[in-house]
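Encoded as structure tokens, the structure appears first; notes follow it.
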Amino acid sequence: MQRFGRVWLVASAIAMTSALGGAPALAAQGADIRVSEPLVRVGSFSGAVLAARTAETDNDLDSAIAYYERALDFDRDNLAIQQSVMLALIARGHFERALPYAEKLKTVPEVERFSRLALAVDAFRKQDHVAAENFLKLALASDLDRLIAGLLTGWANLGQGNAQFALDRLADMQGPEWYTLFKGYHRALIAETAGLLDVAAEAYAQTVANQAAGAAAPETYMRAAEAYARMLSREGKKAEALAVLDQADGFAANRPQIVMLRETIEADRPVEPLVAATSDGAAEALYNLGAALNRGGGEAFVRLYLQYSRALAPHLDGVLMQLGQVAELQRRPEEAISFYADVPTESPLKRIAELQLALNMADLDRRDEAKEHLRALIEQDPDDMRAYLALGSVHAAKEEYRDAATIYDRALQRIEEPTRADWNLFYQRGIAYERLKEWDKAEPNFRKALELFPDQPQVLNYLGYSWVDMGINLEEGLDLIRRAVELRPNDGYIVDSLGWAYYRLERYEEAVTELERAVSLKPDDPVLNDHLGDAYWRVGRKLEATFQWAHARDLEPDETVLASVQRKLVEGLPVDAPPLKEERKAEIPQVVMPSVAAAAPASVAEPVRYVVQRGQSLWSIATEVLGDGERFREILDLNPALRGNANAIRPGQELVLPTP
């Protein structure tokens, strides 16, 4: 049986690249925060196009749109520029302004998947389901395009009163195996909306039972479980509804929507359907595909589909949260704030939105506002540890470590029995005290974090490096750092810690080996390049040392590192023992904030043994133990017996897991 995966997302996105010649370009994740710049006057077509492309590279869509429209002043009939401005307008949420361009481009094969989809969305808004169906007929279509067209055509058929025809067409739709989840979920939604509750129940039950398919698009799986529980509750089947929520919790625990729905059902309060109209169903389909694509990379495509969904359902909380994540990835905090602010007050995601909003305020140096906002969130719910972590991180970013430590103290005072989930509070408090040079308070926090989460790579790295840096527990410290490297062999900062620890111990040849590897993993980090230069100098490779220092200088480091490398470029290193490198610790990740954005899967190192607990699924094990549900595929790779049936796990069963 073919395993589900994310390859389809990447392949489908690549297949669309030719149609997105003018699509918004993606900024590197480490790029500076971008803000719109005042437009400069351009006096030629080529100048306007160049300015537009540059703005797109910076993810400044407002400026890109203005420049593209200026280019059209010089060449009104240029189809390539019309395509670019249409896509930029949709991606920025200016849907009405995009429609005239979509109408002009509806017969252009290279862009029809976007132009005709825009026109279909507009037809759904007008409840013109015949027009919507016609616009969804494409001359050229990838697997992803066929799925979108098929799902939306099903909703258009329902709008024309042909519910059974819609269900039959969805059932007969041919495509890759990853269609299964989306087809099953939308067959259930269409049947429920049409009042065919027995058909809906069967489709929902099959969809929710297939967690292996759900792992390829977890947001859609959880939406299906929520919709099913809502339908059962409205039918008076309270126990069955709660059982479905239990199943959802086993897939991904503590999802706010599931928590709130459970409270509502248990209190016997009325429950509304997740989808009530054909336009809602079309919006849901576009949201599902946008969320499935939103796995890091491909933000231009994600943003388009989410904005199509938003045009149909402006207040759909999941769409607004996903758009906020995309804006954060593209270093556009002002846009992220606007999306998070639009999340409805009654949404179960509102608190997470408020936390993210505050962190984006801090990114804009609106730190006083961010602190006030987070303090208010703590007052609203003093037992939500996320708010303390967020507020502490805002203080720590400005080296206000005493204030950060006080906040973490307040948080931990509210925890009677710390659990694994609380490791980060101890870790962050340990960092704050270490920066305050209060090691007697810092070390117990690091040890407690490791007690709660043994083999947590960041804690191993920080504690081990701190010991080596202070000249105490040298072998044990090296062992901790080596273990961190084993767990995260592709983390350049952790590998650099090992190399720099060897350097501090004057084991220069070993330092060179590790520092070269660190720089290969993080070639654009000035501190790592500086460290490698120092190591080269100590082993007599002075020309190479000079090159690394010059490279570090050119990477625009902070003032401290810049002054250091400039001095070394003139003087080299002194003959005596190397000085303490305080700037190194600044590169150790300090904040591990819960985020609505999916974390990147960690690298696989040596496997470990794990015993399955009651109620767990592969997804929940990957989430709880490995920190990312998407890593369930690594578990499958290490346990071949599960590949034919990923749901065939039982309490007490021993699995081989990759390292966290």
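Each residue, glycine too, has its Cβ placed from N, Cα and C.
As annotated by TrEMBL, signal peptide applies to 1-27. Sequence annotations record features per position, and here TrEMBL assigns repeat 'TPR' to 385-418, 423-456, 492-525. According to TrEMBL, the domain 'LysM' annotation covers 608-657.
Across the repeat 'TPR' (385-418), the DSSP tally of helix, strand and coil residues reads 26 helix, 0 strand, 8 coil. Broken down with DSSP, the repeat 'TPR' (423-456) shows 27 helix, 0 strand, 7 coil. The residues of the repeat 'TPR' (492-525), classed with DSSP into helix (H, G, I), strand (E, B) and coil, number 27 helix, 0 strand, 7 coil.
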